[in-house]
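Now, the feature entries from TrEMBL:
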type	residues	note
TRANSMEM	28-49	transmembrane segment
DOMAIN	41-287	domain 'G-protein coupled receptors family 1 profile'
TRANSMEM	61-78	transmembrane segment
TRANSMEM	98-120	transmembrane segment
TRANSMEM	140-158	transmembrane segment
TRANSMEM	205-225	transmembrane segment
TRANSMEM	237-259	transmembrane segment
TRANSMEM	271-289	transmembrane segment
Amino acid sequence: TKAGNASGVKEFILIGLSGNQGVQEACFVMFLCFYTVNVVGNLLIIVTVMSSRHLNSPMYFFLRYLSFVDICYSSVTAPKMMVDFLSGNKTISFAGCVAQLFGVHFFGCTEIFILIAMAYDRYTAICRPLHYTALMNRRACGSMVVVSWLGGCMHSAVQTLLTAQLPFCGPSEVDHYFCDVHPLLRLACADTYTVRVIVIANSGMISLSSFFILVASYVVILVSLRSHTSAGRRKALSTCGSHITVVVLFFGPCTFTYIRPFSNLSEDKFVALFYTIIAPMLNPLIYTLRNQEVKSAMRKLWGKRV
């Protein structure tokens, strides 16, 4: 490693998921498929929502941004991981590592806030239908998206600045397939207790409070559905069902990784696959398979094209 001078480590080596060449080649094929499905599926949703006159409600406005964030989120880690599966040189520059750390936390946190906006949209539609158009006007929806991006940026800036200012003097092997906070803190040649506490408090506060807000809002929605007709209940449950599935898939692994004070890095990197690659890939499938409006809009749009 080019290390050891006054400015410390110049690059890191990403250990990745496995050292076995055969396993790495199989992983390359598998994750190439996952990543392709993610990008194509999410792009399909973005184009369909933008092109269809029927999908102009706030729910689809947020879904479009969620799909965009999902593509960006996976693109921060998946292409580099796939190149590393086939390459003998698994290094990443210090600047590249910091950029990856920022990107993962920025898009991950933005996704959390967009999921909260989507939950608020469903709550308003189901529990306060008479005020829905006033509360969820274009300006309100635009503001929620802007706040989501700003919130993600602030969270990520804290995590990144705290980690990047630590001294790294070697070894420089990161026990992960991307640069994340916990594996980098292990490599710092300084006392990281305070930074570790702030990082866990920052991630933990956002993950746990967001998860409780989401669970509470869906509980309120499900309770209020008792007063609806059975047809209305079915329609509401199908959209809420998709949202709840996405929330559980994303938050379970995320909370597991960032809230424990002393994480097991080899466990963490396999759990991280879930929220960085698998959940973003499943989101378009979950939202389209359970949603008649999106399915019929896609059939109309792509039927015409074909």
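Cβ atoms are placed via backbone N, Cα and C, with glycine included.
The model shown is predicted, which means the values in this text are computed figures rather than measured ones.
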Segment-level pLDDT (mean, integer) for the domain 'G-protein coupled receptors family 1 profile' (41-287): 88
Result, the transmembrane segment (28-49) in contact with the transmembrane segment (205-225) (3+ CB pairs under 8 Å): no
Intrachain residues whose Cβ lies under 8 Å of the transmembrane segment (271-289), provided they are six or more past its termini: 17, 31, 34-35, 37-38, 41-42, 44-45, 63, 66-67, 70-71, 73-74, 76-78, 104, 108, 176-178, 180, 242, 245-246, 249-250, 252-254, 256-257, 295, 298
For the transmembrane segment (61-78), distant same-chain residues with Cβ under 8 A (at least six beyond the ends): 31, 34-35, 38-39, 42-43, 45-46, 49-50, 100, 103-104, 107-108, 110-111, 114-115, 117-118, 121, 141, 144-145, 148, 177-178, 276-277, 280-281, 283-284, 287
Positions on the same chain near the transmembrane segment (28-49), where near means CB under 8 A and six or more residues out: 55, 60-61, 63-64, 67-68, 70-71, 74-75, 78-79, 81-82, 85-86, 277-278, 280-281, 283-285, 287-288, 294, 297-298, 301-302
